Amino acid sequence: MQELLQKIVEKNKELTNLGAVANYIPELDKANKNALGICVMDMEGNQFCYGECGTRFTIQSISKIISLMLAILDNGEEYVFSKVGMEPSGDPFNSIRKLETSSRKKPYNPLINAGAIAVASMIKGKNVRERFQRLLDFTRKITEDETVDVNYKIYCGESETGDRNRAMGYFLKGEGIIEGNVEEALDIYFKQCSMEVTVYTIAKLGLFLANDGVLSNGERVISTRLSRIVKTLMVTCGMYDESGEFAVRVGMPSKSGVGGGIVSVVPKKMGIGVYGPSLDKKGNSIAGAGVLEDLAKELDLSIF
Ligand code: DON
């Protein structure tokens, strides 16, 4: 496995030159464009890593699957999906247009920004501090990584440049999708995107879902049903308006973030984390996707 990872990472490194590091948030553009790393963890406890594995990067949109799990634990599936749909939007992750033009008047799914802001508004706690802390604690628990924490420089950048997200938040409040305080929902959203992780952290997250919501110590944290909901949405919406093509090329439930991370799940087998901050036009790690495609081919990991 180690040799295979080396071969695949080295082969895909040249792809990093074809993309670009996200620069719409100050600080994100400081990442090394040519960085590329992978971590694979299996259900037997084996762990294999190659390349840029120790580097910390912000989890960004990968956090949307974590907040979805906590929001469903807090409010139940029926409530959450009464406010947010389950359909791919076919639009970029930060798109606003369908919020008003479609008849449903609710975000298409929880993994686009509008849906994730609505989901953030549903996380319970007595004040905004406690609400985010619960999300951070939950993230640390299911990734089995106590070192996960917020990068405050990135958080400030998210907040300073987050006017599109604010616009969506206030629209959702006006439509009754967000019931509580909009600024609090946005603050939770900006902070959750700014949590720093490594490929180990997100591989563990993938393994947690591969194991249907059970930690490596055997503790069940979410139901099999909730784990299935999350994995299904990862397939249909996890790579934004590239989800269909990615499902054909790779075939593993996956979620990307503009920090350059992608988490992938091989149900009942493996969790995989990749990092490559050079992104394609849709905001997905260009070389990370290449690595996952090659690995899926070599090991026949597609679920389809
Ligand atoms: O809302 C934002 O601007 C971002 N922080 C979104 C995060 C993200 O990773 C989107 N897509 N890949």
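Every residue number used here counts from 1 along the chain in the order it is shown.
Cβ atoms here come from the backbone N, Cα and C positions, even for glycine.
Database features, via TrEMBL:
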{"type": "BINDING", "residues": "Ser61, Asn113, Glu158, Asn165, Tyr189, Tyr240, Val258", "note": "substrate binding site"}
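Positions of TrEMBL features highlighted on the structure.
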residue	record	Cβ within 10 Å
Ser61	substrate binding site	25
Asn113	substrate binding site	22
Glu158	substrate binding site	26
Asn165	substrate binding site	22
Tyr189	substrate binding site	29
Tyr240	substrate binding site	23
Val258	substrate binding site	24
DSSP on Glu158 (substrate binding site), three-state: which is it?
helix
Among Ser61, Asn113, Glu158, Asn165, Tyr189, Tyr240, Val258, the record's substrate binders - longest CA distance, Å:
19
Can you see whether DSSP assigns Val258 (substrate binding site) to helix, strand or coil?
coil
